[in-house]
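S.K.: Found this in TrEMBL, in case it helps:
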- 40-282: domain 'PRMT5 TIM barrel' (DOMAIN)
- 289-328: domain 'PRMT5 arginine-N-methyltransferase' (DOMAIN)
- Tyr316, Lys325, Tyr326, Asp346, Met347: S-adenosyl-L-methionine binding site (BINDING)
- Phe319: site 'Critical for specifying symmetric addition of methyl groups' (SITE)
- 332-391: domain 'PRMT5 arginine-N-methyltransferase' (DOMAIN)
- Glu362: active site, proton donor/acceptor (ACT_SITE)
- Glu371: active site, proton donor/acceptor (ACT_SITE)
- 394-560: domain 'PRMT5 oligomerisation' (DOMAIN)
Amino acid sequence: MPLGDKQGWEKSESRYCGVETEFNDDMPSVLTSNLSPGFFDFVVAPLMNPTYRPSLVAKDASGSSPVLPFASSDLVLSPSQWSTHVVGKISCWIDLDAEDETLRVDSETTLKQEIAWASHLSLQACLLPSPKSTSCANYARCVNQILQGLHNMQLWLRIPLVKTDEDAVDENSKKIVDSWEVWNSFRLLCEHHSQLSIALDIMSSLPSITSLGRWFGEPVRAAMISTDVVICGKSLLSVPKTESGLAPNTSNVDNQSVPSSFNHLSHPLKSYLNYIGFLFQKMDPVPEQELFELGYRDFLQSPLQPLMDNLEAQTYETFEKDSMKYIQSLVKLEGWEDIVTIISCDMRHWNAPEEADILVSELLGSFGDNELSPECLDGAQRFLKRDGISIPSSYTSFIQPVTASKLYNDVKSHKDLVHFETAYVVKLHNIARLAPSQPVFTFNHPDYSAKKSNERYKKLCFKMPSDAGSALVHGFAGYFDATLYKDVHLGIEPSTATPNMFSWFSIFFPLRTPVCIQSGSDLEVNFWRSSDSSKVWYEWCVTSPCASAIHNSNGRSYWVGL
């Protein structure tokens, strides 16, 4: 693991580096020459002789098909070697959407034969060739059929990371192609299958940083790095500034790196491996806070029900590890045992012996008001003096559209409506933030207005960046920012987030049907905060560029109990 042994990084954060090889029917030799100590972790190797075409193979006299020209017998490596050190590379010549029927049928037959062989070998993944054009319905259909029968193996679809300009032109249509559009079309045809992932082909020319960002929310499992990306000098290797900036970002996603070239034999790939390792080693070690959060990354959790459920001691212990929050919010209690009285009671029904000068509360949730802070403080402000101070004095919720393929598939796996109409607390990690967040609901305390209501409605319009390319919106990330007193604030909204604080993760509002949004276009979103005598709930929907269903109507799936 040349990239994995890094101080301050846990094993789950290790990165692996493989090498793409040509066909060789001596697999033990392929592994020996590429996986020696200090070399690569795995090989991406063809499973079938590239000259093989089913239509050219004659059957014997009995009508049986001959032995297929696979790279090696399944017995030449141990099951653990096949599983750990080999990623199968499906034949590049296949074209399942070809107009030539013989080629199309040969391609379909070969694809199924190679995947079946890889499954027999217990390979963890196979690399599928890039679609030959934007019209890839039959290719996607065949892959989707295969996915229905797979158990654990991942299929990595090779997608070139190209600019959306004249350099990326579909040979058949002669139109400008955005490689993300090809991926999105394929993914939709395969019903967002969780075992279909991406292997990004990183070329010498890359899109803009804004355009690159949308890939961070997609299921990228490998970065296929062309040696053309690396600039070779007399005594060192380097990459252009844009590509160098991409490396730390792709390394922050759970994927592998695969140097790829069959044309630069004079440059030993060991140098490229060393340089990839150098880029990895330059990354900052994971801070202590993030080490604590590793197990929560992209893990969906139901929000707390503080008025309905008694929270476990472990929950409070987690909160109290967050020193920054308590330094800013609470007065140190050491030595105050004789003057502090603890009362176990619902604040909305307690009768205070006298009015208070200051009311300090900690009722904020990931979305600010989602743990019923407004309702609780409305009931408690009656024992605050008219000129008294509430800490916090106000808080505002925020949302922003995100691409979050993993979160979407996790919700989808439940196969019901309820989970798509539930808001989740989650430590966001593999997501793409598609536009800056915008404020939704604001609450002020104390609130002495005559016609006070904690119900809210907000319509928001997000403008997609013009240079980002199209993207898929899987849902909305939610945050809050609170003013504690005067200019002292506390929050998790990304642009103003309080540092070194992990009591609050973000909240995620999923969409039942993801919305495809074009660059430069508007995304119109509606959010409601509603209530009745027993509960509070949110409803949300998209109205442009297309209308979605109103999620969680009348709180039918998710609510916070009063």
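Keep in mind that glycine also has a Cβ here, set from the backbone N, Cα and C atoms.
What TrEMBL says about a protein is an automatic prediction, not a curated fact.
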S.K.: Can you tell me how far the Cα of Met347 (S-adenosyl-L-methionine binding site) sits from the Cα of Glu362 (active site, proton donor/acceptor), in Å?
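M.R.: About 12 Å separate the Cα atoms of these two residues.
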S.K.: Could you work out which of the recorded positions (Asp346, Glu362, Glu371) has its C-beta surrounded by the smallest number of other C-beta atoms within 10 A?
M.R.: Asp346
S.K.: Would you mind giving the whole-number mean pLDDT across the domain 'PRMT5 oligomerisation' (394-560)?
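M.R.: The predicted confidence over the domain 'PRMT5 oligomerisation' (394-560), as a mean pLDDT, is 96.
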S.K.: If one measures from the C-alpha of Glu371 (active site, proton donor/acceptor) to the C-alpha of Glu362 (active site, proton donor/acceptor), what distance in angstrom results, rounded to a whole number?
M.R.: 10
